[in-house]
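> I am attaching a structure below and will ask some questions about it afterwards.
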Amino acid sequence: MKIDGRDYRSVWVDADDHWSVHILDQTKLPWSLEVLRLTTRDAAAHAIRSMQTRGAPVIGAVAAYGLCLALREDASTEAMERDADLLNATRPTAINLRWALDRMLTRLRNTPASERVAVAYHEAALIADEDAAQNAAIGRHGLPLIEAAVRPGRRVNVLTHCNAGWLATVDWGTALSPIYTAFNAGIDLHVWVDETRPRNQGAALTAWELGKHGVPHTVVADNAGGHLMQHGEVDLVIVGADRVTRTGDAANKIGTYLKALAARDNNVPFWVAMPSTTIDWTVSDGVAEIPIEERSETEVTEMTGRMADGTIATMRVISAGSPAANPAFDVTPARLLTGLITERGRCPASAEGLLGLFPERR
Ligand SMILES: CSC[C@H]1O[C@H](OP(=O)(O)O)[C@H](O)[C@@H]1O
């Protein structure tokens, strides 16, 4: 996507050395646009763990490139398996991480060690390019949902939670892809952006992305969504996902489940947008089976922002001495979803719905 007229992806290989990996440091947005150059496996692992790069599809792509960086140091089978395990352990919920590393290992295990680096970079590039293409397709398949909400004389209001934009993927985004596609098609739309405590991916990243693309939007407190729905201010909700079960349960940023309950109570369509790389075909009961990442309590007790004098500061926002809990995701049961938007089209959030789009999984 574009930043001030210049095309960017969220991860790319250095055009000069053809091996180091660049990412946008998402912990510095929206205050500054900083590119990080990753040169080691550990730098890639840290980038994922610390959320310098975050979002299910892009952490899969960065992990794939992290394995490339590891193979440059040691392409032996023992080291390759160890390094893939280390990268896979960086975050537990998004299935794209394991999917990408499993795909890399499948491609590399039968490749001579002397050829692994070149083959690995080629496979990682395919993963990245495929993600961008899949997310563009999600935009095309989600567009009719926004078109159906067009009414004479009023804008379409879409609510989204967290950041499932191009920053969270290699390009286009998932939940935001239909929004960009509709905006580019000239549809008069507006986006309610959930701030998404505690990491504020909505306030810091989605608002920044939409602003750079010129998409009208308003940041709201996470707790405002139900009120907006009660007063007819939300035509549909589109969110991303970190793991979708074979039955259509969807793990996504904490707070998604509560938004889905409010949407159901107000008859507001609630869609999950995700590429098929986010589907975990091995699990059926999302609440029981999807591991939920517990992150540091400091993400709840502290906030980072820009002071009046322009300096960036982090401060405590919770009563001193009070502990905090920080589950980073929750699972929305399929019964609360209107449907799923994938690169192959839309379907009900159900086993049959997904198998209708992915019959090879029967
Ligand atoms: C397009 S996947 C985006 C998905 O990932 C986010 O999690 P995190 O920011 O912790 O990586 C969030 O759940 C988004 O919906």
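The backbone N, Cα and C atoms fix where each Cβ goes, glycine too.
Pulled the feature table from TrEMBL, pasting it below:
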type     : residues                                           : note
BINDING  : Arg54, Gly55, Ala56, Arg91, Gln201, Asn252, Lys253 : substrate binding site
SITE     : Cys162                                             : site 'Transition state stabilizer'
ACT_SITE : Asp242                                             : active site, proton donor
> Find the longest CA to CA distance in the recorded substrate-binding set Arg54, Gly55, Ala56, Arg91, Gln201, Asn252, Lys253; express it in Å as a whole number.
17
> When you average the Cβ positions of Arg54, Gly55, Ala56, Arg91, Gln201, Asn252, Lys253 for the substrate site, which other residues in that chain have a Cβ within 8 Å of that mean position?
Ile59, Ala94, Cys162, Asn163, Ala164, Ala168, Gly240, Asp242, Ala328, Phe329
> If I restrict to non-local contacts, at least six residues apart, and a C-beta distance under 8 angstroms, what lies near Arg91 (substrate binding site) in its own chain?
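Ile48, Arg49, Ile59, Leu97, Glu293 - these are the non-local Cβ neighbours of Arg91 (substrate binding site), listed in sequence order.
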> What does DSSP call Cys162 (site 'Transition state stabilizer') in the simple three-state scheme?
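It is coil.
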> What's the CA-CA gap between Asp242 (active site, proton donor) and Arg54 (substrate binding site) in angstrom, rounded?
11
> Name, in the order they occur in the sequence, the residues of the same chain whose CB lies under 8 A from the CB of Cys162 (site 'Transition state stabilizer') and which sit 6 or more residues away.
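Spatial neighbours, sequence-distant, of Cys162 (site 'Transition state stabilizer'): Asp194, Thr196, Gln201, Gly202, Thr206, Val239, Gly240, Asn252, Lys253, Gly255, Thr256.
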> Taking only same-chain residues 6+ apart in sequence, whose CB is under 8 Å from that of Arg54 (substrate binding site), what do you get?
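Once residues fewer than 6 apart are set aside, Arg54 (substrate binding site) is near Gln26, Ile48, Ala168, Gln201.
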> Mind giving me a neighbour count for Asn252 (substrate binding site)? Other Cβ atoms within 10 Å of its Cβ, every protein chain shown.
29
